[in-house]
Amino acid sequence: MTVAILQEGDVVCLQKLCCKAPPPPRPEYDVVCIGLSGAGKTSLLSRLCNEISDGTVPTTGFSIKAVPFENAILNVKELGGAETIKKYWSRYYQGSQGVVFVLNSAASDEEMEASRSELLLAMQHPQLCTLPFLILANHQDSPAARSVSEIQKYFELQPLARGKRWILSGSTTNNMEAVKESFSQLISLLEEKEVLPSRI
């Protein structure tokens with residue numbers, strides 16, 4: 001009969017191997033995603049979730065995706081951007097902790113103006129006005145795309161969003177690393193909001 005004698009150090013080592021605690025749960029944040037039809041909301045979110053985005057059908061009502069990131073999970077409620085749905089957006093704002101606004105940076109002047117109006121309405125809405133905004137100037141790979149600085153000037157973001165927490169980034173489904181980085185910045189703003197009360 002073989003008797004195995006374990007020394008104290010071996011026990012500690014075995015405990016580390018066998019009894020490894022599960023990683024702490026990642027915080028979850030509820031985020032609403034809005035923007036006009038054709039902005040590319042569904043494609044961006046599908047790619048973030050590693051879903052196949054070919055032949056993406058525009059969202060006709062709303063959909064919810066749990067988008068995992070290294071330090072958090074975003075439960076993104078994407079609202080369809082059609083005229084018939086837009087008027088009901090505000091019904092879905094309750095409980096949101098952040099806003100993702102997607103616009104088509106290659107859109108016509110008329111559509112740009114419509115996007116600007118919708119963003120302004122969202123930033124002034126009682127349920128969203130204190131929340132951090134991630135504004136994605138999508139389709140940056142299009143030859144007709146306006147640059148991020150052009151969009152910032154066109155949307156008059158400095159005066160309109162004064163006192164608010166917002167990020168404006170260019171995006172395209174061809175560079176998802178940049179999109180993930182933009183979302184990471186939004187998560188930083190969400191975390192900042194979470195720890196604010198303890199600073200008082």
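Using N, Cα and C of the backbone, Cβ positions are placed for all residues, glycine too.
Remember, TrEMBL labels are computer predictions, not curated facts.
As the structure is a computational prediction, the values presented were derived from the model and not from experiment.
According to TrEMBL, the features are:
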type	residues	note
BINDING	Gly35, Leu36, Ser37, Gly38, Ala39, Gly40, Lys41, Thr42, Gly81, Asn138, His139, Gln140, Asp141	GTP binding site
BINDING	Thr42, Thr59	Mg(2+) binding site
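Sequence features, as recorded in TrEMBL, placed on the structure.
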residue	record	contacts (Cβ under 8 Å, 6+ apart)
Gly35	GTP binding site	Lys41, Gly81, Phe101, Val102, Leu103, Ser115, Glu118
Ala39	GTP binding site	Gly81, Val102, Leu103, Asn104, Ser115, Asn138
His139	GTP binding site	Gly40, Asn104, Ser105, Ala106, Ala145, Thr172
Asp141	GTP binding site	Thr172, Asn174, Asn175
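Here the binding-site residues are Ser37, Thr42, and the one whose Cβ sees the fewest other Cβ atoms within 10 Å is Ser37. With every protein chain in view, the residue among the binding-site residues Lys41, Gly81 whose Cβ has the most Cβ partners within 10 Å turns out to be Lys41.
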